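**Q** Relevant sequence annotations retrieved from TrEMBL are reproduced here:
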TRANSMEM  216-238  transmembrane segment
TRANSMEM  261-279  transmembrane segment
TRANSMEM  299-321  transmembrane segment
TRANSMEM  333-350  transmembrane segment
TRANSMEM  356-377  transmembrane segment
TRANSMEM  398-426  transmembrane segment
TRANSMEM  438-458  transmembrane segment
Amino acid sequence: MRSPSLEQPIISKTLDVEDGAGSSTGHTEEGKKMKSVWSRLWHGDLEVPTGPDGYKPFWYEATICCTFTAFLAFIPSEPHLTTYLREIKGFTDDQINSQIYPWSTYACIPFLLVGGCLSEFVGYKLALILGALGRLATRFLLLFGSSLLEMQIMQCTYSFGTAAEEIFYGYLFHVVPKENYQKLTSMNLASHVFSHMLSGIVGDVMVDACHMSYTSLMWVSAASVIVAAFIALFLTGVKRDKAPRPKEVWKTMKWAYEDKVYILILFWWIFGNCAYGLIDGYESSLYDMMMVEEGTEKNYNGTVYAIAQLIASISALSVAVPRILKVAYYHQHLAVGAMGIWCILALTLMVWYDRIIPMCIGFILYYLGYHFINAFVSAETGRVVNKHIKGEDSVNSGCYAIIVMFNNLTAYILSTILSLFMFTWFQIDLRNVYKILWVFQLSFQAVFMVLAVALYFWSKRRVTPTDVSESAK
């Protein structure tokens, strides 16, 4: 029997009753029917037959996945979180930035490990349901919590939901045929972006035009996440014969990390992702600080986030444009280096000008540069891993998810070290934090460019006519 792969996932079969239910003669017909409903609900098999290829209709998977993403992303309170914690909950800026927000970074490391193991060794659906419940717990803690400890727990539950979201695109690999994966991914990304944009604009309208409270935004966000958690029950269950063995994982990781060009752009991505998490995570605090300093009560940060999401999505999708992809693929270090310089220029505008408008413009431009690199490196990870999976029947497709988890884990560890240094140990002022992040970005960009030049001349010396002919093939 051929082992499961990215191209041929095993979808859980339709069950009439739960395992073992038919062996009990004491069940009534109504009880059996109820068990059948719950069993089908868990496996995602409610009245939707699978086709001859083992997959459910594409329209069903696209509808359920995009709806789940849209409701999970519709959180109009998010751009106003710092203002909510300061004005409604009564926390100081120091408590918010140094004692509450850092916990989301600290908690991501163990939860990323837990989420990765749950998805590969237990099941994607369970991990996604638990992640949605984590986001739901976050909303209720924000609404009903009042102590510093409860807000720290809130950040931990948020991190659990974030860790579960990391595996969602891995889940999409297994519910549609290979030829429909890119289509479903693009539709899901569009759903995510549109929902984020809409929620940001709705939040600003509720606060500034309708004069509603920030607590109202929290209730709308909570209602949306409740719907997402319910929809998660209808996701298709994914089942594989076996989890990847450690030997297979090590072999695939060795192949991937021996690719010198890939490891170079991965170097930028790990440090860039580390900086991005902090730059993005504390933007609402920076906006709130500037809003207070300028004496304005109008809060348009939701609209800023909406524009940033739109620009980031266009940037990420542009990677798939054939002409851009061809240039980026054959000049990977040059493409990443150029967009890295763009990020530094955007951060310069964001960090070194003490006004809201330049800060917001810099933030949007930074989103453009980072998400281009993020999309390109993500695609390269899949290409490098799949290149070896295709040639080795013994390599399990789950290795891809574990490599992605390892890359993210490395970035989160670096981010945790930075958070400990800046917020927990030294409690540095937020403006100085962003200046430190600017220096950090400039430093690893300089190291990347030196390594890129060295790799370029090293590869020029080692290239042979045989290499050229093989690459042309």
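Quick reminder: no glycine exception, Cβ is built from N, Cα and C everywhere.
TrEMBL labels come from automatic prediction, so no person has curated them.
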**Q** Hey, does the transmembrane segment (216-238) touch the transmembrane segment (438-458), meaning at least 3 C-beta pairs closer than 8 angstroms, sequence gap 6 or more?
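**A** Since fewer than 3 Cβ pairs under 8 Å link them, the transmembrane segment (438-458) and the transmembrane segment (216-238) do not come into contact.
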**Q** Using Cβ distances below 8 Å and needing 3 or more such pairs, separated by at least 6 in sequence, tell me whether the transmembrane segment (333-350) contacts the transmembrane segment (356-377).
**A** yes
**Q** Under 8 angstroms, Cβ to Cβ: which one of 261-279, 299-321, 356-377 has the largest number of such pairs with the transmembrane segment (398-426)?
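**A** Per the Cβ under 8 Å count, 261-279.
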**Q** When you scan the chain for residues with a C-beta under 8 Å from the transmembrane segment (261-279), skipping those not six or more beyond its ends, what do you find?
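**A** For the transmembrane segment (261-279), the sequence-distant neighbours (Cβ-Cβ under 8 Å, at least 6 residues beyond its ends) are 105, 332-333, 336-337, 340, 343, 347, 350, 363, 366, 370, 373-374, 376-377, 380-381, 384, 407-408, 410-412, 414-415, 418-419, 433-434, 437, 440-441, 444-445, 447-448, 451-452, 455.
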